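Worksheet for the structure shown next.
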Number of protein chains: 2
Amino acid sequence: MIAFLPLCAHPNPKKVLIVGGGDGGVAREISKHPLVEEIVQVEIDEKVIDVSKEYLPFMSEGFSSPKLTLRICDGFEYMRKHQAEFDVIVTDSSDPIGPAVNLFTESYFALLKKALKCDGIVCSQAGAVWVGIDHAKATMEHCKKHFGVVKYALTSVPTYPTGQIGFLVGSLDKDNVLEQPKRVFSENELDEMNLRYYNSDVHKSAFVLPNFVRRIFQI
Amino acid sequence: MIAFLPLCAHPNPKKVLIVGGGDGGVAREISKHPLVEEIVQVEIDEKVIDVSKEYLPFMSEGFSSPKLTLRICDGFEYMRKHQAEFDVIVTDSSDPIGPAVNLFTESYFALLKKALKCDGIVCSQAGAVWVGIDHAKATMEHCKKHFGVVKYALTSVPTYPTGQIGFLVGSLDKDNVLEQPKRVFSENELDEMNLRYYNSDVHKSAFVLPNFVRRIFQI
């Protein structure tokens, strides 16, 4: 979902940046999208990749995608040198505690904006609504200062605390209706890509939020 | 959700039966619906109610609803004596292991059908899709033998294993589009009923299923 929500919300996602995502799962999924031509992944900690290659081969197979260029470096540094380059940037980080805390700040979203093309889209892991909803709201507010439209989407992740994870999706094009997938895949296409969760209806419904979340987010 | 999904899928849910639900939470929610006039709850184990009254007052407050008649008896016995009486029957059971196993059988759905009026609706707890999906599918098949239309809906329940729970919703009226709420509440009405999760969009999207679930259920 962190891959296909932003990809399908974009009309033509040719070049994608992944920040983090050291297990390789996001690269694996993004490389499936037929319009994606080039993926750059910046991971600060090479050991995450090594461990994934050893213990999570079904995730780390993403690193063998011919579309992928993997760089072991600081995402902040990388983006400062690569401006107006990307259609989509996915931040696949750990929770906002310790090393990942900078990936939830307003200055991070300012940096993302500059690294994107003028109609670019970001998608970031943004916690759970059952715990830490205030932090998710604050992250949305940071993003809104730099992006024309910002939405929150939910998906079931049984291994994550509370069994659900939230994503922030933001577009520089304020007229982009993010809930509406720009590319609708047929059953056959979904099968060929081995997409076991995502489909166009799941895309739309991911943005439907329970009352208490709508109220807190003032949506 | 186990309360408002079937209630809002029904055009006029006046009389409701709850099977199980000894903590009182389902009675609390069903009693909120403005069209519901009468609720009968059959719970086989009075101790569940006593414990809930002592330790879960925010749930057991449902027992003080003036709409509710509480009976301590076997739901099977009760339904054999009360035929063609109910608009909606909610089965709020534990998982299909041990005492609750009979609430997932074909003969149970045959009994539910007889206790319902001709356009009646059932809603049952039906496990999780991440574990035990085969059992959920089998329960759906049992229900389909007696009900004109049967759907599966998902909701986030952080305290349940995998963080998600599935409901089977079945209608004797084969033309009932269960995904479409018959009663759409305004923001004010949702507030007045203190519905913190359910709204009409959540109703529709609850029936949207991930690919792997659609395939297994052959929907």
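Cβ from N, Cα, C; glycine included.
These come from TrEMBL:
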type     : residues : note
DOMAIN   : B:1-172  : domain 'PABS'
ACT_SITE : B:Asp92  : active site, proton acceptor
- Averaged across the domain 'PABS' (B:1-172), what pLDDT does the model get? Just tell me the whole number, please. 95
- Item | Where the residue listed as 'active site, proton acceptor' sits in the secondary structure, as DSSP reduces it to three classes | strand
- Would you mind listing, in sequence order, the residues at least six apart from the residue listed as 'active site, proton acceptor' in the same chain with a Cβ closer than 8 Å to its Cβ? B:Ile2, B:Ile18, B:Val19, B:Gly20, B:Gly21, B:Gly25, B:Val26, B:Gln125
